[in-house]
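As given in TrEMBL:
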| type | residues | note |
| --- | --- | --- |
| DOMAIN | 23-288 | domain 'NADH:quinone oxidoreductase/Mrp antiporter transmembrane' |
| DOMAIN | 290-343 | domain 'NADH dehydrogenase subunit 2 C-terminal' |
| TRANSMEM | 26-47 | transmembrane segment |
| TRANSMEM | 59-80 | transmembrane segment |
| TRANSMEM | 92-115 | transmembrane segment |
| TRANSMEM | 153-171 | transmembrane segment |
| TRANSMEM | 178-197 | transmembrane segment |
| TRANSMEM | 203-222 | transmembrane segment |
| TRANSMEM | 234-254 | transmembrane segment |
| TRANSMEM | 274-294 | transmembrane segment |
| TRANSMEM | 323-343 | transmembrane segment |
Amino acid sequence: MSPYALSMLMSSLAMGTIITLSSSHWFLAWVGLEINTLAIIPLMTKMHHPRATESATKYFLTQATASALLLFSSTMNAWMTGEWTIMDMNSYTPTTILTIALAIKLGIAPFHLWLPDVLQGLDMMTCLILSTWQKLAPMALLILTSHQLNTNLLILMALASAIIGGWGALNQTQMRKIMAYSSIAHLGWMTLVISFAPGLALLNLMIYLMMTSSMFVMLMILNATNMNKLSISWLKTPTLAASMMTGLLSLGGLPPLSGFLPKWLILQEMTKHHLGALSAVMALSALLSLFFYLRLSYMISMTSPPNISNANLTWRKKNDLSLINPILVVLSTMLMPITPMLLM
């Protein structure tokens, strides 16, 4: 793709998100989301392959449906209340439609089916944008309207996301599909706590963005798209293989890594609201996710492929991403010491 076209698309992507983040009017928020969707579709189809075209088509159709629902809910709310302001969503039907629209945008269960298929057809860089940057605008709207949304509906969707996100990845071998199910599971945790403590949902989102970014950057450096390629990664870059193992365990939420921090705080918040049974089910669903992260860690660190290179050193390609990766790895694994500050 031409650098001019790429810079144009990336700036449109940034502009769309910023418009949505800074708007207080529903129509402006919708315009930002539309710019966002239209800017990423050419990035999806830059890899001329039938799978990429299929992914772009699926993504466009789901996002268009979600945008139509969002516009419909805000128009209905304006008709009922005479207000276009984002903070004034007081009627039951518009808030329910809005929740469904944002769930489709984000890929929260039971509206998650498009996400693994779309990610599988794209290159790693577009997958990274789709799993991180594209979550910001809908998540901001969800946090802004969290006090007006139906809590029971959000809890049901969160529970479904956490269970499906863990269950769906158990039999996957493709890294992009595993990362898609990981995204669904993490979004479940954010949706669960968003009605009770929006600040915690924001913290979880920030940590999720750091962990997912570092994981995709490492997968790009290793050029690993499936589990078999991961098993020879320690031959290419032993240090990176060790970092990746730590990153995976952090995604799984093992202490004392960063991924444990939001899960711990969320479970603590839920028990404060006397939702012990719900907390227990969420903790058990985290074990499902932990199983496939542990399986990947085992593949990276403890298995040797049948065709080990006879040379002492394999060819090691210098990569531009090697500079940003150490920062992301540190952030995605070592944020646990800041917990006392957050709790205050």
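Here the Cβ of each residue, glycine as well, is placed from N, Cα and C on the backbone.
Predicted automatically and left uncurated, TrEMBL annotations should be read as such.
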Task: Cβ-Cβ under 8 Å with the transmembrane segment (178-197): same-chain residues at least 6 beyond its ends - done: 103, 106-109, 112, 115-116, 118-120, 127, 131, 135, 139, 142-143, 146-147, 149, 151, 154-155, 157-166, 168-169, 172, 204-205, 208, 212, 215-216, 251, 262-263, 266, 269-270, 273, 278, 282, 285-286, 289, 292-293, 296
TODO: For the transmembrane segment (274-294), find every same-chain residue at least 6 residues outside the stretch whose CB is under 8 Å from a CB in it, and list them.
DONE: 155, 158-159, 162-163, 165-167, 169-170, 172, 178, 182, 185, 188-189, 192, 248-249, 251-254, 263, 266-267
- [ ] Might you confirm whether the transmembrane segment (203-222) is in contact with the transmembrane segment (323-343), defined here as three or more C-beta pairs under 8 A between residues 6 or more apart in sequence?
- [x] yes
- [ ] Go through the chain and flag residues at least 6 beyond the ends of the transmembrane segment (92-115) whose CB is under 8 A from any CB in it; none is fine as an answer.
- [x] 33, 58-59, 62-63, 65-67, 69-70, 72-74, 76-77, 80, 135, 138-139, 141-142, 145, 148-150, 153-154, 157-158, 160-161, 163-165, 180, 183-184, 187-188, 191
Task: Outside the transmembrane segment (203-222), six or more residues from its ends: residues with CB under 8 Å to it - done: 124-125, 127-128, 131-132, 135, 139, 175, 179, 182-183, 186, 189-190, 193, 229-230, 233, 236-237, 240, 243-244, 247-248, 250-251, 258-259, 261-262, 265-266, 319, 321-322, 324-325, 328-329, 331-332, 335, 342
TODO: Residue list, the transmembrane segment (234-254) vs rest of chain: Cβ under 8 Å, 6 or more residues beyond ends.
DONE: 182, 211-212, 214-215, 218, 221-222, 260, 263, 286, 289-290, 293-294, 296-297, 300-301, 308-309, 314-316, 325, 329, 332-333
